[in-house]
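Undergrad: Sequence annotations record features per position, and here TrEMBL assigns ATP binding site to 82, 83, 84, 85, 86, 87, 88, 89. Sequence annotations record features per position, and here TrEMBL assigns coiled coil to 404-452, 509-536, 581-657, 704-790, 820-893. Annotated domain 'Kinesin motor' per TrEMBL: 6-323, in sequence order.
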Ligand code: ADP
Ligand code: MG
């Protein structure tokens, strides 16, 4: 099964770069496809790629077969060796996503899957990849930057592997490319100068392919290491020094270890191959002289300036070319096969144990001197394998073999020990790394907490400064307060003295106030009274005004109109009243005049009346006389009437007698005449009793006529007198009436006058009262003013007394006045100052608790800050411990997760079925893949 094969060495020359072209140095000659002549010396390799070789050509010649081999269950390794900038990375990686310029790794990523897709369907593949770099003999996981120093372990087949490195399952070329991209990105992250870093570190991309035949359950595994080595140039050339030199030595160490390993393997005589000299050689242990199809691409510069390096590279290649590897398919046995093998081995062990026992008994016999016959001795025929041993032993070589076996064992033990130590060292370094990280974290925390502390201290300092300042301020304030307190004391003393005086004055003032209050109460009473009086006055006035108005109306003063409204003010009313009164006065005057006139007329009238009365009386007497006369006349008339009637009767009789007499006249005229005469004489005698009848003795007819005329005249006179009497009575009556009305008017006017005079008197009284009240008020005010003056004077004198006894001398009154004014000014100023002081004192008293509070707050703040600082420190320490715990926890969790992930990933890894395009790759169907395919 195992077959020997040599390591393939391919040589690639990069094109000259611009500066090299300018120098135009050409010293390389390519002799066919496998030979290159440098400085006249030919070097033969499996293939030599001249500078114009394309990436694809390189891949086709050196990697394609390896991919196929790996997919067939072999291990494969492709690594590039050469000086810096000789094209190693270009060859291995190239431009990752450029179909033309992509190097071996991306091409493999695509090619593997292309192969798988073209393979038979009953194969299932599991591909997982790892990506790490070795820098300064530390393996750093490029897929998990937290893994900075991984250890190399050996599996049960004693094949070294990087323990704990991240393995990612990929199911498509894109995924694989993603992993490469991630790794490259991570490689860039921690590095400042990538060129330097890449030239000093070895990057290893590992593809692990596991395939299972679904029908036969046969499992094949293949590992493909794709290594981009660090620059192989000598340290001296780089001119490195110090840490860089150490670094270079370390790099060189690993490269020299590689050289040593290759030399050891190339020589083939040495039993010991120093794989363990470096991690890189350890990892590539299987690739160099082990179970691996290895391809080394030595990259060279065609430039003359790099000739030495090129030659050394070429020599390295030549040496490596002589390495022989033993390759075999990595077949994983099935359970049955394992069981069979186990049974076989078990039987072998049992046989071996039996043989050993037999040999031991024989040996024992020999040792005790018992000679064992040849026939009984264990022979070659009896036991094949032991026979060998015994034969060797017997041949004297047994010791050597045993020695070598022992040596092997020892070496193995030592290796184991070395591995253990290595692991221990790794663990320790990991621990150290962890500790370093922790230390860094702690340092960071410490730095931050120191910064915090410094900040807090700064704050504290500033606060302390503030505090100091505040204290100073407070001290100043306290000093000022003390001063103020002293001043305040002085002032309070002054105030106390002043308060005493003030007390006294206030007592006086109280008395005065009482007086004032009494006065005020009196005033109030008076005011009330006044108000009442006023009200009353107003009412009276109103009434008066109304009366006046009425009076005005009664006096028929149409022009004067009394406006007595409620809304009009008293003054207005007064003015109106005054106006009215003046008018009324004038009216009254006119009325009085008129009254006087009337009185005079009345007097005249009364005189007249008296005269009339007298006249009337005389008339009455006349009337009575006349009446008497009339009565007498009437009696006379009646008598005359009676006489007339008697006369008429007599006349009638006489006439009759006359007639008779006439008749008789003739006869007796004379006699009858005589008789008549006698009768007339009798009448006359009868009439002689009445004087009126007396008169000339006329004839009776004349007398009658006269009497009649007289009677008529008398009648006329009587009628006239009656008429006159009536008119006089009427006139008298009228006059009487007028007189009566005038009297009534006079009486009314008198009443009104009396009322007016009374109201006037009242008004005068009220005005007098008001005047009195005003006078009393003025007096009281004056007394108050005087009191105030007295108080001020008293105060001034007191102040003067307090300021010092007056040194009265004969300086005159002016000086005295000046002094007084000065003292008054002083007093005023002192009062002002006192007031101000009082104000300030009260303000300060107000401010004092504030300031005290502020001081308290400041001290509290300082205390709080100190507490906060203490707490911050405690918290920082607590947080530090917590952070440490957290970091540990996270690390544990990550570790556990990784473990779980590995396990889980193994369980859930998407198997890649041969003969099918993966959905992902098909879905994403990158043009890179297909373009690459059709190239
Ligand atoms: P190394 O990895 O060995 O230090 P690089 O691979 O980084 O060197 O190559 C250095 C430079 O030379 C890069 O710019 C690269 O593109 C260029 N270069 C190397 N080999 C070739 C080549 N075969 N064709 C074109 N350019 C190349
Ligand atoms: Mg490189």
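Every residue, even glycine, has its Cβ placed from backbone N, Cα and C.
Any idea what these are sitting next to in the structure?
TA: Long-range Cβ contacts of residue 87 (ATP binding site) within its own chain (separation 6+, distance under 8 Å): 12, 14, 80, 299, 301. Reduced to three states, the DSSP call for residue 87 (ATP binding site) is coil.
Averaged over the coiled coil (581-657), the predicted model has a pLDDT of 76.
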Undergrad: For the recorded ATP site, enumerate neighbouring residues of the same chain (Cβ within 8 Å of the Cβ centroid of 82, 83, 84, 85, 86, 87, 88, 89, site residues themselves excluded), in sequence order.
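TA: Close Cβ neighbours, site residues excluded: 14, 80, 90, 199, 231, 299, 301.
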Undergrad: For the coiled coil (704-790) against the coiled coil (404-452), do we get 3 or more Cβ-Cβ pairs below 8 Å once near-sequence pairs (under 6 apart) are dropped?
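TA: Per Cβ check, the coiled coil (704-790) does not touch the coiled coil (404-452).
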Undergrad: Tell me which binding-site residues (83, 85, 86) have a Cβ under 6 A from ligand 1; sequence order is fine.
TA: 85, 86
Undergrad: What stretch in 404-452, 509-536, 581-657 has the biggest tally of Cβ pairs under 8 Å against the coiled coil (820-893)?
TA: 404-452
Undergrad: Listed binding-site residues are 82, 83, 86; which sit with C-beta under 6 angstroms of ligand 2?
TA: none
Undergrad: Residues sitting near the coiled coil (509-536): Cβ under 8 Å, six or more positions beyond its termini, same chain?
TA: 570, 766, 769-770, 773, 776-777, 780, 784, 787, 791
Undergrad: Where does residue 82 (ATP binding site) sit in the DSSP three-state scheme?
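TA: DSSP assigns residue 82 (ATP binding site) to strand.
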Undergrad: Counting all other Cβ atoms within 10 Å across every protein chain shown, which of the binding-site residues 83, 85, 86, 89 scores highest?
TA: 86
Undergrad: If you count Cβ atoms within 10 Å of the Cβ of residue 88 (ATP binding site), leaving out that atom itself, what do you get?
TA: 29
Undergrad: So if I draw a 10 Å sphere around the Cβ of residue 82 (ATP binding site), how many other Cβ atoms end up inside it?
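TA: I get 30 for this one.
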